[in-house]
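Asker: According to TrEMBL, the record shows the following:
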type	residues	note
ACT_SITE	Glu105	active site, nucleophile
ACT_SITE	Glu109	active site, proton donor
DOMAIN	19-220	domain 'GH16'
REGION	314-334	region 'Disordered'
SIGNAL	1-20	signal peptide
Amino acid sequence: MATSTLFFVFFLLLFAPMAAFDVPTIPFSEGFSHLFGNDNLIRSKDDRSVRLSLNRYSGSGFISSELYEHGFFSASIKLPRDYTAGVVVAFYTSNGDIFSNTHDELDFEFLGNVRGKDWRIQTNVYGNGSTARGREERYLVPFDPTEAAHRYSILWTPDYIIFYIDDVPIREVVRSDAMGGDFPSKPMSVYATIWDGSSWATSYGKIKINYKYAPYVSEFSDLVLRGCRVDPIQQVDTAERCAETVEELMSADFALLTPMKRAAMHRFRERYMIYSFCYDQHRYGNFTFPDCDYVSPEHARFGEWGDNRFPPKEVRRSRRRVRKPSPINVQSSE
């Protein structure tokens, strides 16, 4: 079978139609406010999308107007084009401004690259200041995230966390007693930012940002904030007050990993995950994480640095040889 045909078949299997999330989006001003960057944040006239830009003077960002005790948070994001080495775009939840030493955090981080090479996408899970035991994973994706917007979503419940790209779950973290405080448990705000991550983002910091290509512009739309809003000061009976909202969250379609969704998640991870904290012996030695499955077939694919021994081919470098599956819209399952 030709390479182009194999890629097309795999693309269909990975992003096979599943029920689209029925989640209402909100205008920017209804749930968010400007965080930093002055004129580097530009809202659309209809208040439904935002552009964040980075230049040699400043990055930019926005923050949710409320804190949330669990929730489903989502945005469609289009990343900057061309040379983007050193650029970091992030969509995440955090309470670091309140709990500086014991903060919780859930991240989508998009790591730029040199011209002709793909963006890397990283997910992070930190609980109670556990950055020394950071649960990072890194992936490529079967599309060019600079050509069109794709939806990135974080579901955070008391029992588990799920990261989604479009309607495909790419990571699940299940809470266990052994995790202790490493599982995020305190109210968090939702953030979106773009900034200079030259010290680490591309080739472990070896390739820096080049402002000759600035401004770097990322676009955010289809904003979703669905969760239990809380007061960071008065948290009395928060669990009881949020019980109904959490129950609704955990019964929603995006919280239910059906066999089809689990199969799609396993296919994505098998094909596109290029780094896992679980197998990084140089960083963690013989330390074992309770949320890692060290006897799974996944383990055999990763080396002692946590990197995939058999990395996937990059989308951009494959374009000359692979037919682009233009009829397939991976953002929608309708």
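Keep in mind that glycine also has a Cβ here, set from the backbone N, Cα and C atoms.
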Asker: Starting from the Cβ of the residue listed as 'active site, nucleophile', draw a 10 Å sphere and report how many other Cβ atoms land inside it.
Answerer: 20
Asker: For Glu109 (active site, proton donor), which residues of its chain lie six or more apart in sequence with Cβ-Cβ distance below 8 Å?
Answerer: Val88, Val89, Ala90, Tyr92, Ile121, Gln122, Thr123, Asn124
Asker: Please compute the mean pLDDT of the model over the domain 'GH16' (19-220).
Answerer: 96
